[in-house]
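Participant: Below, the features straight out of Swiss-Prot:
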type     : residues              : note
ACT_SITE : ASP48                 : active site
ACT_SITE : GLU120                : active site
BINDING  : GLU44, ASP117, GLU120 : Mg(2+) binding site
DOMAIN   : 6-131                 : domain 'RNase III'
DOMAIN   : 156-225               : domain 'DRBM'
Amino acid sequence: MRRLMIDQLFKLTGHRFKDEEKLKRALTHASVQDSEQGNYERLEFLGDRVLGLLIAEMLYQLFPQASEGELSVRLNHLVNAQTCADIAREMRLPDMIQVGFEMRNFEGRRLINMHADVVEALIAVMYLDGGLESVRPFIQKYWQSRAKKMDAGRRDAKTELQEWAHIQGDAQPHYQVIKRSGPDHDPVFMVEVSISGFASEIGQGSSKRNAERMAAEKILRREGVWKTVEKNDYE
């Protein structure tokens, strides 16, 4: 493995990798058939669990008053493929990944998943090198600011409700207009949102979209998902 790449990864992660073979494996996709060192799949499996644990720990300390429901939504957002892929691109990892010829035109969701997998595989290598303490600075560097920004401006209530419902058991929110009143130039919509296993809520607004958002907010607040007092530092 090129020394320049190893030095670059040290600058990006803050970790001096001890096992060069595992590092090569973390950057190798399964489509590389003649690869002697194997691919990143097993490492990604381990790294996914390490990432989840350290993000959960970080959120537990950052938001001491947050409910379990809110912490779960935040965790899901911070460890999902899109966030990990964004971090991979921030680190310019895609340029380092070895892929087979047929995979060089990856795009869309498959590309996002591959970039995310490599981040998790690198986390596994760090963990195997030196345990959780070897990974924690890397998590702080790339995830802590993202965790804090999530509270600086709330995400769309419908998006957050959908994520929360998924965590509860692959449920999906269903929205239904139950009433429309008022003149055409000043309408009032009432929308009911329901999730299997939970009581429904009704929102009201000047548009269908606003009414849906209000209904989603009611469930998020009722279930304690939207209730936060933020702590400034994660130590």
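Note that Cβ sites are derived from N, Cα and C of the backbone, with glycine treated the same way.
Remember, predicted model here, so these are calculated numbers, not experimental data.
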Participant: If you take the centroid of the Cβ atoms of GLU44, ASP117, GLU120, the listed Mg(2+) site, which other residues of that chain have their Cβ within 8 Å of it?
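Facilitator: Apart from the listed residues, the neighbours are TYR40, GLU41, LEU43, PHE45, GLY47, ASP48, CYS84, ALA116, VAL118, VAL119, ALA121, ALA124.
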Participant: Could you check the recorded positions ASP48, ASP117, GLU120 and say which one's CB has the fewest neighbouring CB atoms inside 10 Å?
Facilitator: ASP48
Participant: Between the Cα atoms of GLU44 (Mg(2+) binding site) and GLU120 (active site), find the distance and write it as a whole number of Å.
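Facilitator: Cα-Cα, rounded: 5 Å.
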Participant: Using DSSP, how many residues in the domain 'RNase III' (6-131) fall into helix, strand and coil?
Facilitator: 89 helix, 2 strand, 35 coil
Participant: Sorry to bug you, but what's the C-alpha spacing from ASP48 (active site) to GLU120 (active site), rounded to the closest Å?
Facilitator: 5
Participant: Give me the DSSP three-state residue breakdown of the domain 'DRBM' (156-225), ordered helix, strand, coil.
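Facilitator: Breakdown, helix to coil: 26 helix, 24 strand, 20 coil.
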